[in-house]
Amino acid sequence: MASGGKGEKILVSVRVRPQNEKEKARNDICDWECVNNTTIVCNNNLPERSLFPSTYTFDKVFGFDSPTKQVYEDGAKEVALCVLGGINSSIFAYGQTSSGKTYTMCGITKFAMDDIFCYIQKHTDRKFTLKFSAIEIYNEAVRDLLSGDNNQRRLLDDPERGTVVEKLIEETIQDRTHLEELLTVCETQRKIGETSLNEVSSRSHQILRLTIESTGREYSPDSSSTLAASVCFIDLAGSERASQTLSAGTRLKEGCHINRSLLTLGTVIRKLRFDPCDIAQSQVENLLKSTAEERSSRMDEQSMFSSMDFDADFRRRSYDSTDLGEPSIINNLTERNFEFLENSEEDDFLLDDKTPQFSRHNLYDDWEELVQITDERLEDACKEVRCIEPEAEQSSGQPAACESHDSLDDIKAENEDMEISTPAEKENVDLSLKTIDVNAKPETYELTLKNSDLEIGPSVEAQESQESVNEEEQMKNEERKMSPSTKQAEQCLNKEENAQSEQQSTEDCELNSLPINNQSEATVEVELTPNDAKLDEDATSRDKWESKQQQEADKDCNESSVCKNIGTDDNDNDTYMALKEKVKEMQKKIEYLMSMHTAEQQQSPSFRRDFKSPPEYFTAKRSRSCRENLLSVRSPHWFESLEVSNNTSPTWRVMQTKASPGRPNTSSISFDSGSSTSIDTRSLKDYDPEMGNSFREFVAGLEEMAKKHHSIDSTPELDYGIPYAPTKTERMEIRPESPADSVAANGQYSISSSDFERQQRKIIELWAACNVPLVHRTYFFLLFKGDPSDYVYMEVELRRLSFLKQTISNDMETSRMQTVKALTREKEWISKQLPKKFPWNQRIGLYQKWGVEVNSKQRSLQVAHKLWTNTQDMDHIKESASLVAKLLGFVEPSRMPKEMFGLSLLPRTENVKSSGWRFTKSFSAIRLTR
């Protein structure tokens, strides 16, 4: 920023490009002369009545002998580093075509990044977060340079951020090398073309934006809490004349769009000299609108060269730049900047004091916090009710036990009314998975009975204390109004209902009972399903609940004689009805919130469950967000009597062969968790016997390996969450049969290096025969290095490929052609990644290394077709895997999970749809999942 006049103004610098070889060959004369570091003079003879001056004054003028480092230090450094102080800044490169704008901007960007990282290293007291984005405007179409596609992005108006680009990728910078890689990607993605004036002319406007957020590691009142600002490096395309560039077709169209956008930009600059304006006739002005606002600073770097033909262009742009230097609207700029920095700390305090709000789109993310808040509010309300309860007893003269018990009966009746549904609805409710857990998450309602007090949690909102008092009084009035006959009839009805509930609970206990420690209170959990809310009693407290119910039923009979003689008032009936309506309204609110939360969970990808009918499948499921092991209610009697069914039994899905023309239709072949093979009879009608035998052998082999792999775990667990202890017969069945399959002392399979190399070579040959995708080969080759634990995975891959080869050989040519086409498309995609990942000099060495002529066509595609071709040369295989890994950006092999190749014997919690064994897709996911 340069100070002058009434305040700070936009810094404008001019750099003169030296003559190139063509200009020297033509003996061109320099028409511009740098008098000093602020003035430039035109040496060309001007007409007497010329409207243009011969001398121009700018903030900085750099001659043709000035290096880019000096241009940055004197003209752009202060503006670029404003972003570290929380001030938005922008650096433009503006000039005619072939004037060296891109060359200058690349150097300025590099030096600015160096200074920013140096500043970050020195100021260790603050935590910095850097985000980088890059966009390109080509023919008035906005494109994201980091996305890798040519899709056009829309411009959206945000009330807080201004004009934003739709789905713009913002990369979080990890280090200096990461930023250099992103700059290289932007350089390769930008549109360039050849014209008569420039061989590598930029045909688009490029905007590189670096956003820096800094936060103090230790809070102090003297420093602001958080600073956030952005610096934009803008390389505008050069203006050009069609008569000089001799362009036509696409180049002419590009030049028209470039000139139109630059003309609009000049108009905006001239109008900004007097008043702010809302002119946005092109995409450039839309995106750069924030650079002309108050909270920003800007530096305009003009590039020019000494040519007589371009004097008019430079003079026209000089007028625009002179307009930029006027400080008429810039005075408010710095004042607002400093005001913004001073008020940032106060704004942070205001934001911290605000109560967290919950909206519908993030309801299931903050569910636990919402439940905790509502629990606290409800607990406070219950305490107030308990404090007021003795006063109400004294005023009415009625025992508290009778009152609390009657309210308990009413609430139970309300809950039973909520459970009543049609038979069809009950079937839907029964399809839900019930969870009975002492330490369950607060996704369920809990009715806790302790010392004859009733607590309901969590609810939508806590009822106020006055409403609670009204409930108690209305309950008492209703009790007074009831006649002895009515009381006796109600008690008989309650006894019948209690007897039915005891009988039902006894039946449920036979199914769901589990040993658990004695507890001092009984808990009833209600888990809401997508269709209805159902009340389920805790299996660990069945006996206590039954005895408590019987005692309270007897207590009703004794207390009825005490309560029947109490008089009633005329308005008791109305009061009771009003209370009942309030209770119903509260229940509706609770039901609405829980149903809304359930619906949000169903829409989210983290809420996927298998719905099985309780008689066959009655176990606990767990969502991805829940990391606790939930107790299941599966009785040994039910487990022993489990019958394998095609529709209801939990089975291990191994694979599914997709039907193709000329190929028999086959559905999934599965074996259950007990390792007993079960094959769908419907799929065996048209099944090939030879293919079926091989398939059975493959499944049997995997089944045997699954047993062995399951036996090496120290404490294996079934999917039910119950520790598994193999019987004597099972231990005999899983005993190793060969030295290769023996279990070492550390609990892993032992495998010699010769056996590993033999299996590896055989797998590589089968990969080539089956046309397995190169991505899968690379992952597998880099991940499994011969560790003892790799034996199972190598054996599974070998069996899978052997079965696949036999299947393809028995099948028609359709499947083989499909795999060949898929592999060809993959190689074409890999060839497109070579220019993006490697610069030109590295690609030359790569072509020579793989035996591709440098002057030939489609060199990258030739390299892609040479990958993984020589299956006998291990050096060739290693080089192929290394190249594919670099192109695809694979992580380190030590960080890649081996379970990604499908030998995850523990069942997955979500309902994963079987994608089938498609020959046109990757063969990297054969999972033993349920």
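Including glycine, each Cβ sits where the backbone N, Cα and C put it.
Swiss-Prot has this to say about the protein:
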type	residues	note
DOMAIN	9-273	domain 'Kinesin motor'
BINDING	Gly95, Gln96, Thr97, Ser98, Ser99, Gly100, Lys101, Thr102	ATP binding site
REGION	449-569	region 'Disordered'
COMPBIAS	459-468	compositional bias 'Low complexity'
REGION	655-686	region 'Disordered'
COMPBIAS	666-681	compositional bias 'Low complexity'
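Where Swiss-Prot records a feature, it is marked here on the structure.
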residue : record           : Cβ within 10 Å
Gly95   : ATP binding site : 26
Gln96   : ATP binding site : 23
Thr97   : ATP binding site : 23
Ser98   : ATP binding site : 23
Ser99   : ATP binding site : 26
Gly100  : ATP binding site : 21
Lys101  : ATP binding site : 26
Thr102  : ATP binding site : 22
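In the predicted structure, the domain 'Kinesin motor' (9-273) carries a mean pLDDT of 84. Gly100 (ATP binding site) carries neither a helix nor a strand DSSP state and counts as coil.
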